Amino acid sequence: MNDIEKESDPPELAYSSESLSVAAREDGVSAAYEAKSRLINEHLQNEIGFGRYQLQLFILTGLGWAADNIWLQGVAIILPQVQSELHPVRVEFTTLSLYVGLILGASTWGILADLIGRRLSFNITLFIAGVFGVAAGGANNFTTLASLVACIGFGVGGNLPVDGAIFLEFIPKSHQWLLTLLSAWWALGQLFASLIAWPLIGNFSCTSANDCPKSSNMGWRYTFYVLGGVTLIMWILRYVVFDLQESPKYLIGRGQDEKAIKVLQHIARVNGRTITLTAESLRKASGTQDTASTPLTTRQLIQQSFSSVSLSHVKPLFSTRRLAINTTITIALWGLIGLAYPLFNGFITLYLTTQVPSDSSISTTYRNYSIISIMGVPGSIIACLVVDWSRKNRSAFAMGGRKVTMAVSTALTGVFLFLFTTSKTNAAVLGFSCASGLTQNAMYGVLYAYTPEVFPAPHRGTGDALCSAFNRITGILAPVIKIVTTTAAGTAANGSANGPIFVSASLFLVAAILMLFLPIETAGKAAL
């Protein structure tokens, strides 16, 4: 072990051949893959470093995360205007349609990332979302709008599970804290959507549902045109401008060591560095002497991948008792938060107009929404600082590192939402909304970092897909719960609007308690 490695790695991360085998069994991966992954991590840290390639990837994966929240919030933003113009039976069905698409997208693109590689999912998701986003702006009836929104969800739903895995697999351990900072892009996505909607919907919307033709209610359509166009620009930057390489950890998991070395050499060149790692070194470290395999055609690769789809990437996530408990709790957390978050944020513009009805003008509503969005950005930055601190300070391990940070921010979110229901003035509504927005983004920032870190790379896409899909599956219940609670009380325009918020706050508190029982802490450890 060289001096550089001694300085960058805590003592507990030094592995003997015996402990390496044990660690591999505990993490649900083979000892051969473990050895190769450790060797790649060492050269990423000591030779390639964090440079131009990783910086570009940080921006482009960040845009993908921003797009996810742009469309989550974009749909929430337009609900009052869609209700006034198209007169659906329940406008919440728009959100329901979005989550149907998100479920399919998260499952499809995340699992495909493990089957045929990260590049396809990375390159196509934003294109689908952008095209259908622009098309949704031209919808002339509610059925068409809901169908197109579902297609948006199918495209954008793959960004969180795929982009986080891609970024994590290209960065050295010393910079894994940047995965938490990616959540700032998610917060910026909400801010961008709100700043676009404020002038457009504020100035181009009808004021009465009794007289609201399309010609006087173009604001929400203009918003979708802009959001769709910006998403397509993001796709151009990712697909045309940036040359994404396949993940080297995915390649070694498929036995393609030579291709993995070529990828690492390319990244080193972009960063102005050189790398001494060879395919022979990988095989020697893993105790295998495999020779280079014959390259497969794209068709053969797809056929080979889907012939073994079954549960080959799911079972390893539950291969040991410790890993099974951690995977189960992690998926459950994503499910709880997946329901709690949209119960409030998915209908936030409706809540802002009904909580204090005396001042519910369109301009005031979207101004307040923009302020709430601004407060989400420092939440992500706070989470990033805490995660980086836990990486550098050994005392953070005893305090719980990622787990305690997640639990505290999640519990505070639940508390602030309970307080929101007691609001009687616009100042109180805005204040508690801003506070919950800050803590929610801090919570998501750490959760986004923890989830891909805890899954080994050969099965990371599938693990992230399961979490993201379960998050969307429970999220689809949010509009159903809101419809049931408001219908039972007779109208959504009275105090009964607090029913879904009570449920949301309670779920956040339950999730906070559950986080403390996670058996695996990832702070200060290099991802496999």
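Cβ from N, Cα, C; glycine included.
Under the heading domain 'Major facilitator superfamily (MFS) profile', TrEMBL lists 54-523. Within the model, the domain 'Major facilitator superfamily (MFS) profile' (54-523) carries an average pLDDT of 82.
Non-local neighbours of the transmembrane segment (57-79) in the same chain are 91-92, 94-95, 98, 122, 125-126, 129, 133, 149, 152-153, 156-157, 159-160, 162-164, 166-167, 170, 178, 181-190, 192-194, 197, 201, 220, 223-224, 227, 230-231, 234, 237-238, 242, 244, 342, 345-350, 366, 369, 373, 448; each lies 6+ residues outside the stretch with a CB under 8 Å from one of its CB atoms. What TrEMBL records for 57-79 (among others) is transmembrane segment.
The transmembrane segment annotation in TrEMBL covers 91-113 (among others).
Under the heading transmembrane segment, TrEMBL lists 120-139 (among others). Within the chain carrying the transmembrane segment (120-139), a Cβ under 8 angstroms from the stretch's Cβ atoms is held by residues 63-64, 67, 71, 74, 105, 109-110, 112-113, 145, 148-149, 151-152, 154-159, 162-163, 166, 220-225, 227-232, 234-235, 238-239, 244, 461, all 6 or more beyond its ends.
If you look up TrEMBL, you'll see 145-171 (among others) marked as transmembrane segment.
Panel annotation: around the transmembrane segment (178-202), residues 58, 61-63, 65-70, 72-74, 77-78, 81, 163-164, 167-168, 171, 219-220, 222-223, 226-227, 230, 362-363, 366-367, 369-370, 372-374, 376-377, 379-381, 383-384, 387-388, 441, 444-446, 448-449, 452-453 of the same chain, lying at least six beyond its termini, place a Cβ under 8 Å from a Cβ of the stretch. Annotated transmembrane segment per TrEMBL: 178-202 (among others), in sequence order.
Here the transmembrane segment (222-241) has long-range neighbours at 60, 63-64, 66-67, 70-71, 74, 77-78, 122-123, 126-127, 129-137, 156, 192-193, 196-197, 200-201, 204, meaning same-chain residues at least 6 beyond its ends whose C-beta is under 8 angstroms from one of its own. The transmembrane segment annotation in TrEMBL covers 222-241 (among others).
Within its own chain, the transmembrane segment (323-344) is flanked in space by residues 26-28, 72, 95, 99, 317, 351, 410, 414, 417, 420, 436, 440, 443-444, 447, 450-451, 454-455, 463, 466-468, 470-475, 477-479, 481-482, 500-501, 503-505, 507-508, 510-511, 514-515, 517-520, which lie at least six positions past its ends and keep a Cβ under 8 Å from the stretch. Residues annotated as transmembrane segment in TrEMBL: 323-344 (among others).
What TrEMBL lists as transmembrane segment is 369-389 (among others).
According to TrEMBL, the feature transmembrane segment maps to 401-420 (among others).
According to TrEMBL, the feature transmembrane segment maps to 501-520 (among others).
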